[in-house]
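What follows is a set of notes on a single structure, which appears directly below.
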Amino acid sequence: MNSPVDRILIFDTTLRDGEQSPGATLTVEEKLSIARALARLGVDIIEAGFPFASPGDFEAVQKIAQTVGTENGPVICGLARATQKDIKAAAEALKPAAKHRIHTFLATSDIHLEHKLKKTRAEVLAIVPEMVAYAKSLVNDIEFSPEDAGRSDPEFLYQVLEAAISAGATTINIPDTVGYTTPAEYGALIKGIADNVPNIDQAIISVHGHNDLGLAVANFLEAVKNGARQLECTINGIGERAGNAALEELVMALHVRRSYFNPFLGRPADSTAPLTNIDTKHIYATSRLVSELTGMMVQPNKAIVGANAFAHESGIHQDGVLKNKLTYEIMDAESIGLTNNQIVLGKLSGRNAFGTRLKELGFDLSDTELNNAFIRFKEVADKRKEITDWDLEAIVNDEIRQPPELFRLERVQVSCGEPSVPTATLTIRTPAGPEETAVAIGTGPVDAVYKAINQIVQLPNELLEYSVTSVTEGIDALGKVSVRLRHNGVIYTGYAANTDIIVASARAYLGALNRLYAALEKSREHPPVVASL
């Protein structure tokens with residue numbers, strides 16, 4: 001097999017499949033931030049998007065190729081359906097990258113052929129090699145995926161894969177598109193491909209799976225035992241429906257259980273060489289970044305990166321951990337970059353100390369962004385005695401990583417209490433330029449603020465979720481507000497942090513509305529194209 005026998009390749013699709021999560025829409029700048037973090041993490045391939053889907057997707061893939069796709073950086077990949085228009089757009093967007101890959105796909109299951117593609121098996125067998133060969137004429141590194149491989153007839157699947165490899169595919173990816181298979185079934189599927197596709201030695205076997213039954217990670221680990229050498233995954237497991245296989249869970253499973261998996265890669269069981277290229281100390285920071293930018297909070301009991309992953313409530317467990325961590329912990333929290341050794345800054349801290357700490361925390365800011373974040377830091381430091389790493393993260397995300405402020409909050413004031421009626425007065429600068437002021441009453445101060453905003457913005461929506469969390473302890477702590485709203489079936493998120501919860505609430509809601517407004521403007525110009533796998 002033409003595989004990296006010494007390790008497993010990590011193919012991250014957070015920016016493509018992960019962004020298909022409801023409400024996870026990202027701006028170009030946010031995608032760049034995540035791409036930089038993924039490169040720092042050490043992923044081998046970044047699937048940057050679906051260039052043909054929209055001008056915004058094309059621009060994002062192109063910019064990631066320009067800035068992250070360096071000679072020493074990851075391979076930058078673009079998704080394309082098995083059509084010349086899609087493939088040509090992907091090749092064009094990927095041109096700036098030193099190492100680039102086109103990932104093209106076509107369904108092979110009978111249910112997809114009959115109900116979605118309206119094509120016969122013979123037609124699919126003709127299209128696949130033709131489109132792979134066309135992609136190969138533009139880019140040397142080609143990945144082909146038979147969509148819904150998990151429910152495809154194995155004998156037909158073998159024929160399609162053989163044809164794709166003969167036409168130039170260098171990676172063959174096997175998607176469990178609907179998360180239907182069990183580990184034993186998926187492992188057998190991979191073994192069947194390894195044993196029955198005559199030219200499989202000319203390609204790397206990759207796996208891609210969804211988590212509808214909660215089995216994606218288990219399926220992938222079984223696939224590794226049967227010959228898979230590339231794992232397609234996302235940070236925090238985000239993705240359509242129940243999500244994708246979680247990168248952090250796969251990497252740490254291979255890291256912690258290295259001696260178990262080593263023999264399947266032809267290594268001695270006691271080999272200490274890493275099984276992946278991932279720098280695990282960047283896992284936690286990358287997880288936090290993706291969570292903040294997508295608005296998708298990580299559940300507390302989530303493996304590896306959840307808030308409770310290294311917490312112990314039971315007295316027996318606490319006693320054991322204090323005596324020896326290994327009594328109840330199979331990995332060190334510091335191995336994923338989670339540490340309590342925080343540096344505390346204050347209002348006398350200078351710009352250099354501030355910038356240095358941000359770099360240590362994994363932030364890569366331009367001079368302008370750093371200046372803006374430092375101004376905001378000083379404002380918060382005047383209200384708080386100490387600024388922790390969590391505060392810094394919230395400040396940067398709130399100040400720098402926001403959608404364009406098409407509607408900008410200028411002033412907000414509320415009055416409330418017993419027995420008065422909660423009333424909000426606010427002023428917003430609109431995209432057209434002038435300021436508009438509105439006054440509204442509500443059941444509470446936040447409700448009044450949101451009603452006043454709606455008077456000005458006038459974008460019909462349904463508020464699905466409003467949550468407030470404290471960034472750190474203390475009555476003067478920063479409060480972080482997250483908002484999710486729905487418009488015409490599409491979910492948009494907003495977040496903001498401030499020591500004043502009313503201000504944070506207003507900015508978070510406006511952030512979601514700004515995303516909605518921008519999306520509506522784009523869709524009027526270019527209706528989006530939806531991918532799958």
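Quick reminder: no glycine exception, Cβ is built from N, Cα and C everywhere.
Taken straight from Swiss-Prot:
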BINDING   ASP17, HIS208, HIS210, ASN244  Mn(2+) binding site
DOMAIN    8-269  domain 'Pyruvate carboxyltransferase'
REGION    408-533  region 'Regulatory domain'
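By the criterion of other Cβ atoms within 10 Å of the residue's own Cβ, the least surrounded of the binding-site residues HIS208, HIS210 is HIS210. Around the Cβ of ASN244 (Mn(2+) binding site), the same chain contributes THR13, ASP17, GLY18, HIS208, GLY209, HIS210, ASN211, ALA216, GLU232, CYS233, THR234, GLY237, ILE238, each under 8 angstroms and 6 or more positions distant in sequence. A sphere of 10 angstroms centred on the C-beta of ASP17 (Mn(2+) binding site) encloses 26 other C-beta atoms.
Across the region 'Regulatory domain' (408-533), mean pLDDT in this model comes to 89. Same-chain residues that are not part of ASP17, HIS208, HIS210, ASN244 yet have a Cβ within 8 Å of the Cβ center of the Mn(2+) site turn out to be THR13, PRO175, GLY209, ASN211, ALA216, GLU232, CYS233, THR234, GLY239, GLU240, GLY243, ALA245, LEU533. Look at ASP17 (Mn(2+) binding site): DSSP puts it in coil.
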